[in-house]
Amino acid sequence: MKLTTVLIVAVLVLAACQFTVTDNSGDDTENPSLRSAGENQNPDSTKTITARATRARTNMRRGLSRPSKGCIGGGDPCEFHRGYTCCSEHCIIWVCA
């Protein structure tokens, strides 16, 4: 029982850390939270992002996805512990922001 509680707390702490990590470069133009609210209200955009992320994930597994800039674009899958591989340096729930 105690082990389960400790594991749950550890997972919650790691998840919270993922959301609190910020880019300290001083350039706020890349920050997705500063975009206008109307930009994300299209219901089709979720399907497009999901399809693109699925396609990119499949290509990454096959070794076909090689970003030209040396970083992963927004909406593409990433590894949360390697957020620096995203162009925005923000990997939220395994997707580059």
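Glycine residues also receive a Cβ, built from the backbone N, Cα and C atoms like all the rest.
Copied over from Swiss-Prot, here are the features:
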COMPBIAS  31-45  compositional bias 'Polar residues'
DISULFID  CYS71-CYS87  disulfide bond
DISULFID  CYS78-CYS91  disulfide bond
DISULFID  CYS86-CYS96  disulfide bond
REGION    23-49  region 'Disordered'
SIGNAL    1-22  signal peptide
The correct three-state DSSP answer for CYS87 (disulfide bond) is coil
Candidates CYS86, CYS87, CYS96 (disulfide-bonded residues) passing the 10 Å Cα cutoff around CYS78 (disulfide bond) are CYS86, CYS96
By the 10 Å Cβ-neighbour count, the most surrounded of the disulfide-bonded residues CYS71, CYS78, CYS86, CYS91, CYS96 is CYS78
Quick note, CYS91 (disulfide bond) and CYS71 (disulfide bond): C-alpha atoms separated, nearest Å, by 12
Simplified DSSP label at CYS78 (disulfide bond) comes out coil
